[in-house]
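Undergrad: Below, the features straight out of Swiss-Prot:
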BINDING   GLY14, SER15, GLY16, LYS17, SER18, THR19, ARG120  ATP binding site
BINDING   SER18  Mg(2+) binding site
BINDING   ASP36, ARG60, GLY82, ARG147  substrate binding site
Amino acid sequence: MKHHSLIFLTGFSGSGKSTIGPLLANSLGFEFIDLDREIELTAGKSINRIFAEDGEAAFRSLELRTLEKIGQQERMVVSLGGGVLENDRCFELIRSHGTLIYLKSSPEILTLRLQHKTDRPLLKGPDGRKLTREEIQQRIAELLKKREPRYLKADLVLFTDSKKIGASVEELTRKIERHIRRASKNNTNEK
C-alpha cells in the first residue's frame, strides 16, 4: 500500500540527498533515514566491505530486504543510493510504497561538488588513481545517461544546481504537501 508520508529521495551522488534529506524530514516532522547506513548497520560492515567480501549480489539482496522493512514505515524521508533504482524490484517497491523525488543536478555541478571527495569509488579509475576533473565529468554524464530514465519516473523533480539549501527544502516541502493533498483527494474520489 502506498504511504504518501514515506518520501524517497533519489539522484546522483552529490545531488543533495544527504544534505536536503534531514532538513526536509525536520520540516515535515518526519524521521530521516539513509538507506546505505541502514544496510551497513544490518550487515555490521561498510558498503565497500560488503562489495569486497560478499559481492554485489549480496549487497543488492540486503538493499531489497532493507527497503522492504522501510516500506512498512510512515512519516519518513529516505535517502536512496544512486544506483538503487536500477534494480527493478527495488524500483517497484519504492514506487508502490511512497513518493519518489528526484534531486536533479547537471554533470557540471555534480563534478564541482564531487571532484575533491576521496571516498567515492566512482571518482577512481580502474587502477585506483583519482580521476581528473574531465574524467569525473565524463563518468558522471555516462552514468546519468544510464540512470536518468528511472530518475525521471519520480513523482516530483527538484533542480538543485543553483538553489540555496534552505530554498530547496522550502520548495520541496511545498511540492510534497501539494502532491499529498492531490493524491489524498484522488484516493477519496476513487472510493
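Glycine too: its Cβ is placed from the backbone N, Cα and C atoms.
How buried are the listed features, and what sits near them?
TA: Taking Cβ-Cβ distances under 8 Å and a sequence gap of 6 or more within the same chain, the neighbours of THR19 (ATP binding site) are ILE165.
Under 8 Å, Cβ to Cβ, and six or more positions away along its own chain, SER18 (ATP binding site) finds ASP34, SER79.
For GLY82 (substrate binding site), the same-chain residues that are 6 or more apart in sequence and have a Cβ closer than 8 Å to its Cβ are THR10, GLY11, PHE12, SER13, LEU143, ARG147.
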Undergrad: Please identify, from the binding-site residues LYS17, ARG120, the residue with the sparsest Cβ neighbourhood, meaning fewest other Cβ atoms within 10 angstroms.
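TA: Per-residue Cβ counts within 10 Å for the binding-site residues LYS17, ARG120 bottom out at ARG120.
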Undergrad: Apart from GLY14, SER15, GLY16, LYS17, SER18, THR19, ARG120, which residues in this chain have a Cβ no more than 8 Å from the mean position of the Cβ atoms of those residues at the ATP site?
TA: GLY11, PHE12, SER13, ILE20, LEU103, ARG113
